[in-house]
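Undergrad: Provided herewith is a single structure, encoded as C-alpha cells, for subsequent inquiry.
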Amino acid sequence: MVRPCPSVGPRGRLRAWPGARELAPSLRARPARCRRLLPRGGAAPAGGGAEAGPGGGPGCAGGAAVKAGDMTDNIPLQPVRQKKRMDSRPRAGCGEWLRCCGGGEPRPRTVWLGHPEKRDQRYPRNVINNQKYNFFTFLPGVLFNQFKYFFNLYFLLLACSQFVPEMRLGALYTYWVPLGFVLAVTIIREAVEEIRCYMRDKEVNSQVYSRLTARGTVKVKSSSIQVGDLIIVEKNQRVPADMIFLRTSEKNGSCFLRTDQLDGETDWKLRLPVACTQRLPTAADLLQIRSYVYAEEPNIDIHNFVGTFTREDSDPPISESLSIENALWAGTVTASGTVVGVVLYTGRELRSVMNTSNPRSKIGLFDLEVNCLTKILFAALVVVALVMVALQHFAGRWYLQIIRFLLLFSNIIPISLRVNLDMGKIVYSWVIRRDSKIPGTVVRSSTIPEQLGRISYLLTDKTGTLTQNEMVFKRLHLGTVAYGLDSMDEVQSHIFSIYTQQPQDPPAQKGSAPTTKVRRTMSSRVHEAVKAIALCHNVTPVYESNGVTDQAEAEKQYEDSCRVYQASSPDEVALVQWTESVGLTLVGRDQSSMQLRTPGDQILNFTILQLFPFTYESKRMGIIVRDESTGEITFYMKGADVVMAGIVQYNDWLEEECGNMAREGLRVLVVAKKSLAEEQYQDFEARYVQAKLSVHDRSLKVATVIESLEMEMELLCLTGVEDQLQADVRPTLETLRNAGIKVWMLTGDKLETATCTAKNAHLVTRNQDIHIFRLVTNRGEAHLELNAFRRKHDCALVISGDSLEVCLKYYEYEFMELACQCPAVVCCRCAPTQKARIVRLLQERTGRLTCAVGDGGNDVSMIQESDCGVGVEGKEGKQASLAADFSITQFRHLGRLLMVHGRNSYKRSAALSQFVIHRSLCISAMQAVFSSVFYFASVPLYQGFLIIGYSTIYTMFPVFSLVLDKDVKSEVAMLYPELYKDLLKGRPLSYKTFLIWVLISIYQGSTIMYGALLLFESEFVHIVAISFTCSAWPATSPPWCSSMSSSTCTSSPRCPSCGKCPSSPWSAVCPSTSSSTCDDGSRLPATRSSRPRPSAGGDPGLRTRLAGRVQAASC
C-alpha cells in the first residue's frame, strides 16, 4: 500500500508541523520520487534501498532488503496495517481545513503598510470564536449529542411511545419527567459552558488597541483589525494578530515577548524590529513611506517565518529579510516597551488558531462498561416480554402486547442510573479539589474520575515533570583538568589573576619560571573558556527597580540584586549566572553590543556582528563578536557533542568525557571558538546577507553559508549542567511500580542524559539490566536489533526517536509486543507527534488505560491523546495544565491522586451503578410476578409519582450515600499500593458481579411479591390498586355487583368478549366456544373472587377484559 507523505505540502515544500525539523534532513536526502510516495510496508523495490550495494545509487530510506540467512529468529516481515481511528479529532492539514471553511488555498501575500484596502485577496475577520454551537445549532446539537448513545435514545423512544393510546400504561409524566430532568441538567450545563466561552471570546474580541491612520491615532476593537493595519501594542498588552515588528520605544531597539500561552515556555523571547522602519524619526512616518511586506502563506509553524520587507521610495530600493525574530504572533504579550507592527494574518489564519485542534471527546471506560450492561439489560427486557406473550400463546394482537410488556418492564433499565453517576462524578471532583494533601489540584474534566483508578501505563515527560527544570552548573572540563562545585574557587582565582595582574610582571627566579609559565597557561585557558561562555548566548540582563523594569546601561549604580537574566532556555541562564559567580558578569546587552564587567570593575565592550540562534536542526548556536579594545573578531559556538565533534579540531578526549558527564546526569555542551580576519568576515557577511534575502529555501542556503565557517574550530571546554529531580520523585515512582503501573519516560533530551535520569529517579531499579536499542536506519537493521532484544528478559528499554520511527514503520506489532513486556521504557529525542503516537499505539495494542503527564507545550498532544491527561504547572507555563483533564502542582501528588482518589472513585461508582440496577430489577421482578399471577396481564403494579418517587426521593439518599463509602483509610491505600493492582482487572464491575446482583434482585423481588400475596391475601379484596391510591371505576364501566341483574346474568357476569352468560356460576368457559378463549381470541378472565383488582390505567377495554377478578364487595 502506498500513501502520500503527510509532511510534503504543495509545490514540494515541507509543511510546518511539530517534528518537521527532525524529518527535514531525511526528506532532503531522499530522491524526489521517495519524497512524493513512501512505501508503507513490504519488501523494498528492486535496486532501491536505504543502503545501496556496490555501484548502486541511493534509494528510499528504509528499503534495504535483508537475506533470510542473516536472521536467527524469524519475525514475519509483514506490512504494517494502520487501524482506522474513530474519534472526533480532525486529521486534515491546514490547507484542507481552510478550504472547508471557505478560505480557499492559502497563498503568499503582499501587505502594504497602513493601506488595508490594497489587498490582492480576501482575508478573514480577526474574530476569535471557540464556541461549539451558535444560537441556532445549540439545542439541536446538544440533543443530538445526547441521543446518539443507546442509553438516552432508549428512554426517548420509551417516552414517545406513550403518545400512542394502545401503548399507554400510565400518565405521561411518569416517563417524561425523569427524561426531561436529565436533559434539562445537560442543557443547562452546556449552556453555562457556552456562555462562559462566549464571554471569554467577547472579552478578547472587544479589547481596544490604537491604530495609526492618516488622521492620527484611532481606537479600534480587536475584531475590527484588518490585514495591513498599523497597530500599537502597549507594554503587558496582548498582541491581537500576527504582525511584523516595525518599531519599538526601547532605546536598545528590541523588545521581549512572553509566549507561555503560545508554546508553553515561560522564558521571554527577544524580538527585533525592521531596521529600516526603526530608524524613522516617529511612528507617524510609517504612513509617509511607500513600503510593503511579502509574507509566506499561513501555516502552523510558530518557530519559523519567511518574508521580506521592501521600501520602494528610497534610492535604491531597500530590501530586508524577515524571520521569526521580526514576528509577533497573536496571543503573546509584550514584556517591555511599546511596539508598532503591521498586521499580516487575522482570524482563522492566525498561528495560534491553526495550532489549536479539537481534542477528542474522552469517554471513560467505566461509562462504556455501564453502557454495555445497559444493552444486556435491554436484551433481558426483550426476552421477558417475549416470554410473557408466548405464555399467552400469542393470542389476539400479540405484537401490541409485546410493546406493552416492553414498556411495562422498562424499569429494568433505570433512567436514574445516569443521574446518580453524574452526581457522583461531581462529588468525586469536589473531594479531589478539597484534599489538603494535594493543594492546587484542579479537575478540568469531571466526567472521567473513575479512569484514575484503572491506569496501567503512565507516560511521563522528563524535564519539568520528573525534574525541577532549574539548572545548576556542575562541571567545567578543559580536557586535562575538570572543575566541580568544590573547586570553583580555583576558577575564580584564575579569572581574578588575569584581570588584576600588572602589565609588567616582576622577573621570576630561575627555579620558579617553569611553574609560573604553567600557571599562566592554565589561567589563560580558563579565561578563554569563561569568556566564551559569557559571550555565546542569547541572555539579556533586565534591571528591576521599585517595581519598574528598565533596560539599563552597564554602570556601577545598578546593583547586582536588581539584575534579572532573561533567555529562551534555563540552561543559558545557568551558564551566565555561573560566569557571574566566578567574576565575569554580563551587565548589559542590546541588539548590537554586549558589556561584561571584570572582577576589577572594568567594563569590556563587544560589538555583536552576527547571531546564529539555536535550532532543533542544527543543535548548536553561534555568535560573532568584535572586541572594542583590540578589534579582534571571534566566532564562538556551543552545541551538542554529536554535532560539535565534527566541527572542532581533532582530539582524543571529547567523546569519552562527554559520555562520562552524561552518565552523571549532566547536560553537556561543547564550547569552541575561531578567530576571523577582517577580510574573511567581510566575505562571509556578503554571502550571509544574500542568503537571508532569498525567499525559496532560505533556511538551507543560510545553513550552507554558516557551515563554511564551522571548520577546524578550537575546542575550549565542556560544560555540565544538572536538572535536579523534583521532591519525592523516587518514592512516587516506586509506589506506582508496586501498584502494577508501568512507567514510560518520553523526552526530547539526549540518550545518555535520559538514561542517567531514569537511573537517578529509580525508574530503572538497580538489579535491572538496560538494553540500549542501537541506531537503525532501515528495515534490515531494525529486524536484527529486534531479534537481539527478544533474547533479553526483564530489562528496561532505551530507544531514540529515529530508531523508534523505523521500528514502527516496519514492525509496529512486534515492537509494541516486546516493549509492553519491559518493566520500563525510555524514549529519547522524541518529537511531540511521536509522543502522541506512542500513546495511541499502547491503547490500540494493549486495550489498557493510559495516563500522560507533562508540563510543557510539547506535551499537549500526548496529554490529549491519552485516556487520562495530567498537567503539571511548572517552569514551562500552563499550556499543558490547561489542556489536561487534571492539573497538579508537583509530580509527587500523582501518587495520592491515583492510589486514593482514583481507587475510591472507581470502587464507589461500581457499587453505586450495580445497586441502582439492583433497585430497578427488584421492581421489575415484582412486576413480573404480579403479571404472571394475574394471567400475564400487561397492567402496571405501581403508577404515577409512586414509581418516580421510589427511584428519586424515597431511595435517593440511601443509595447516593455510596459515593462517600470508604473501605480503607487513605493512609492505608498509600502504604499498600498493591490494593490498587486489584482494580486493574476490573473486578468491582464485571460480568460476574453483575450476574450476582441480578440473581439477588430476582430473589428479593420475587420474595417480596409472593410474600405479600400469601401474607395479605385476605386483605387484597379491599385493595383497589397496589399503588397507595383509592380509585373508583368510571360510570361507563359495567357494575360488577351480582345484585344488579340489569347488567349481569342471573348467576355470573356475562362473558366480557362475546356478551353471553356462562352456563355455571363463575365459569371460566365461554358459552359460545366452550373454551377458555372467546371468538375474538381474548382469554376469559379469572374466576377467583379473592384476587386483587389491579388498576386499569384508564383503558376501558382492558378494564372489560379484567372483569370478574375482584368481588363486588370491593366496590
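Glycine too: its Cβ is placed from the backbone N, Cα and C atoms.
According to TrEMBL, the protein carries these features:
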type	residues	note
ACT_SITE	Asp461	active site, 4-aspartylphosphate intermediate
BINDING	Asp461, Thr463, Asp855, Asp859	Mg(2+) binding site
BINDING	Asp461, Lys462, Thr463, Glu572, Phe614, Lys638, Arg667, Thr747, Gly748, Asp749, Arg829, Lys835, Asn858, Asp859	ATP binding site
DOMAIN	882-1021	domain 'P-type ATPase C-terminal'
REGION	1073-1103	region 'Disordered'
TRANSMEM	368-392	transmembrane segment
TRANSMEM	398-417	transmembrane segment
TRANSMEM	916-936	transmembrane segment
TRANSMEM	942-964	transmembrane segment
TRANSMEM	994-1016	transmembrane segment
Undergrad: Residues of the same chain, at least six outside the transmembrane segment (368-392), with any C-beta under 8 angstroms of its C-beta?
TA: 149-151, 154, 398, 401-402, 405-406, 409-410, 412-413, 417, 421, 913, 917, 924, 928, 931-932, 936, 938, 986, 989, 994, 1083
Undergrad: Calculate the distance in Å between the alpha carbons (Cα) of Phe614 (ATP binding site) and Thr463 (Mg(2+) binding site), and round it to a whole number.
TA: 18
Undergrad: Please average pLDDT over the domain 'P-type ATPase C-terminal' (882-1021) for the predicted structure.
TA: 85
Undergrad: Tell me, which recorded positions from Asp461, Arg667, Arg829 are within 10 Å of Asp855 (Mg(2+) binding site) if we use the C-alpha atoms?
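TA: Hits: Asp461.
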Undergrad: Return only the integer: C-alpha distance in Å from Arg667 (ATP binding site) to Thr463 (Mg(2+) binding site).
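TA: Computed Cα spacing between Arg667 (ATP binding site) and Thr463 (Mg(2+) binding site) is 11 Å.
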Undergrad: Which sequence positions outside the transmembrane segment (398-417), separated from its termini by at least 6 residues, show Cβ-Cβ distances below 8 Å to it?
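TA: The answer is 151, 154-155, 158, 161-162, 166-167, 169, 178-179, 182, 370, 374, 377-378, 380-382, 384-386, 388-389, 392, 913, 916-917, 919-921, 923-924, 927-928, 931, 938-940, 947, 951-952.
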Undergrad: Between Gly748 (ATP binding site) and Thr463 (Mg(2+) binding site), how far is it from one CA atom to the other, in Å?
TA: 9
Undergrad: Which of the binding-site residues Arg829, Asn858, Asp859 has its Cα nearest to the Cα of Asp461 (active site, 4-aspartylphosphate intermediate)?
TA: Asp859
Undergrad: Take the Cβ of Asp855 (Mg(2+) binding site) and count every other Cβ within 10 Å, whichever protein chain it belongs to.
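TA: Step by step: centre on the Cβ of Asp855 (Mg(2+) binding site), count other Cβ atoms within 10 Å, giving 31.
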Undergrad: Identify which of the binding-site residues Arg667, Arg829 has its Cβ surrounded by the largest number of other Cβ atoms within 10 Å, counting every protein chain shown.
TA: Arg667
Undergrad: To the nearest Å, how far is the Cα of Asn858 (ATP binding site) from the Cα of Thr463 (Mg(2+) binding site)?
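TA: Thr463 (Mg(2+) binding site) has its Cα 11 Å from the Cα of Asn858 (ATP binding site).
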Undergrad: Let me know how many other Cβ atoms fall within 10 Å of the Cβ of Asp859 (Mg(2+) binding site).
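TA: Result for Asp859 (Mg(2+) binding site): 31 other Cβ atoms within 10 Å.
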